[in-house]
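Trainee: Sharing a structure with you now.
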């Protein structure tokens with residue numbers, strides 16, 4: 001059926017072609033000997049064909065008077081006279097200036113143009129026809145700047161829209177076409193060129209100075225605005241090279257704002273590269289920076305990488321984070337937070353981003369804001385806290401879920417005395433057990449605890465109850481050890497724990513500990529502590545780094561990871577450049593069997609007094625000395641996880657032998673102190689008093705059905721063997737790299753035996769998170785579970801901080 005349908009359509013098209021009265025046909029004048037000449041203008045003759053009862057218009061060939069072209073054959077005399085008058089007025093400049101016109105196809109195109117655009121001048125027609133010789137005709141030159149048509153456009157406008165650079169040159173050089181003439185929409189030739197597909201046309205226009213380059217149309221858009229709106233990156237580049245101005249205000253701001261509004265990354269980058277100040281420009285309507293206009297993570301990231309102020313405010317006082325939350329753009333929110341946006345910034349009416357997020361029914365966004373430091377008890381100008389906003393949500397399920405979310409981190413509900421809230425309500429709420437300020441026994445977290453009266457009052461969420469104001473004595477009599485597990489991107493959990501410790505103590509991690517040991521991701525964080533990088537900064541770095549490093553499939557390219565490490569620690573920085581606190585990173589020497597644990601230190605290694613583990617009957621290259629060891633290489637060696645990254649020379653990930661480096665660090669400290677005593681420097685030795693071990697989160701325990709590997713005798717047993725081998729392999733890897741279990745028990749027992757305070761902080765995660773996880777939502781949820789863990793173990797944190805701050 002489709003075949004017959006196409007056949008019918010084809011036959012219909014052919015029939016119309018031959019029945020078209022305006023079909024141009026080459027004829028001989030001898031065929032019209034018996035016809036009457038009705039009119040004659042130049043080479044055009046209108047003939048009445050008596051036998052056919054038609055009126056034919058014939059263009060006599062200037063080269064051969066006996067031949068010509070029939071332009072139409074009409075049955076109506078009136079129509080024939082009208083069309084003859086039109087043709088006789090428009091055709092002469094063409095057949096007088098170029099022999100190319102005297103072809104059936106060209107004449108057909110030209111006559112169709114004349115009929116379809118009766119208001120066009122001969123110059124407009126010449127542009128569409130595209131024959132250069134025609135532009136030397138005096139009549140065509142005389143109409144070069146004519147705007148007498150329905151659009152009010154000049155022939156130059158048409159040439160630019162068509163993208164015909166050769167015709168453009170003819171118009172400008174021979175016809176002296178003006179480039180600043182506007183059409184009915186206020187658009188110049190530059191606007192038309194932008195809408196075309198040939199950047200060369202725009203480049204030719206820009207060679208001559210013209211006001212049209214920066215002319216605004218009736219919508220207030222310059223050609224640069226229009227190019228940004230349409231995403232014509234190459235057009236933007238040419239306009240900027242032609243010195244188009246970036247600081248002309250349009251209805252939505254500068255061209256950079258237009259590029260951001262329509263998410264045209266390439267256009268925005270072009271503008272910023274030409275004028276870096278545009279990144280800070282404010283639009284006239286909202287007083288918003290380009291970052292406020294970012295609609296996706298890619299656009300926001302591009303601006304922030306180029307130095308855009310992440311906390312710039314609009315006329316209403318809102319930051320870009322406020323706008324991203326209001327528009328429910330979670331990806332933008334995450335980019336802004338990871339680049340250091342203030343999660344507690346007060347905007348219009350005193351609302352923080354968390355106030356706005358409560359009405360969006362987006363749990364991930366609420367979690368992200370709180371995880372990145374948003375205070376849940378901050379009232380706005382109306383005295384409303386985020387929890388009160390949540391309690392006003394009309395959807396009961398959403399309302400309960402949000403309030404339960406707050407309760408998991410210690411939210412208490414009560415009525416503060418503020419204007420507009422009755423004291424009777426306040427006192428009634430204060431007597432409710434859920435609103436009690438006594439936090440010694442918080443109620444169990446369950447939706448069943450949320451009664452109707454719990455949903456109405458103004459809520460005040462948790463305060464860090466264990467914050468201490470005392471500062472530690474710089475001359476401590478004992479040493480403190482911090483140990484950081486390996487775990488890939490789950491190092492974010494360690495960061496969140498360290499942020500809580502810093503917030504509670506008011507002291508940077510670097511000043512709380514004398515020794516820091518780390519494996520893999522823990523090693524990177526140990527170096528970050530050594531080089532005085534804040535944990536809030538590192539949290540953002542980790543979120544940004546994962547998208548750079550974990551691209552493609554495993555094993556990942558090492559280049560992005562190495563570039564990241566060089567960028568953060570310096571390409572030529574040595575381990576011994578910073579000496580306090582003492583830092584050790586674990587690595588696995590894989591150029592020998594059995595493999596050996598190696599420690600990258602920022603101090604000289606203690607001299608060994610014990611016999612070597614193996615007989616050194618082979619020639620092995622000694623490790624690099626700390627003074628010569630590059631920091632970024634040490635971090636790369638410690639984090640060379642097999643199947644994730646290729647080995648760094650002879651080094652594999654330290655997690656193969658010490659994913660929890662606590663016992664190895666304590667052994668190292670003991671050997672270091674013994675070496676100091678042997679060297680007569682026993683007065684410099686300090687006893688270890690506190691060991692803090694931070695994990696990257698415990699994965700949930702799951703049942704394993706089969707780890708049996710045997711010789712199969714049938715297909716069913718073969719499948720069981722394959723499955724068992726897979727599970728067994730996973731179990732072997734997990735056992736080798738397990739940082740919890742007996743490793744923690746042994747460390748705790750050792751510390752208790754020698755009188756050392758031991759703290760193991762490692763939250764239970766709800767799901768198994770891979771080392772190369774890139775989902776923001778998954779990682780934010782892991783940090784949320786860490787926040788819940790911190791609140792539930794607040795007494796342990798309080799005790800730890802008190803001990804760390806004691807002399």
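In case you wondered, yes, glycine gets a Cβ from its N, Cα and C as well.
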Trainee: What range among 508-512, 513-517, 518-522, 523-527 does Swiss-Prot describe as motif 'GXSXG'?
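Mentor: Checked against Swiss-Prot: motif 'GXSXG' maps to 518-522.
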Trainee: Report, as numbers and ranges, which residues of the same chain sit near the repeat 'ANK 5' (286-312): CB under 8 Å and 6 or more residues beyond its ends.
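Mentor: Distant Cβ neighbours of the repeat 'ANK 5' (286-312) are 253, 256-257, 259-261, 263, 265, 268-269, 272, 276, 278-280, 318-321, 323-324, 327, 329, 331-332, 334-336, 339-342, 345.
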Trainee: Can you give me the Cα-Cα distance between residue 653 (active site, proton acceptor) and residue 520 (active site, nucleophile) in Å, rounded to a whole number?
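Mentor: About 6 Å separates the two Cα atoms.
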Trainee: I'd like to know the mean pLDDT over the repeat 'ANK 9' (382-403).
Mentor: 71
Trainee: What are the non-local neighbours of residue 520 (active site, nucleophile), defined as same-chain residues 6+ apart in sequence with CB under 8 A from its CB?
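Mentor: The answer is 486, 487, 488, 586, 638, 639, 641, 653, 654, 655, 659.
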Trainee: Could you count the residues of the repeat 'ANK 7' (349-378) that DSSP puts in helix, in strand and in coil?
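Mentor: So the counts come to 16 helix, 0 strand, 14 coil.
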Trainee: Is it possible to get the count of other C-beta atoms within 10 angstroms of the C-beta of residue 653 (active site, proton acceptor)?
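Mentor: Its Cβ shell of radius 10 Å holds 30 other Cβ atoms.
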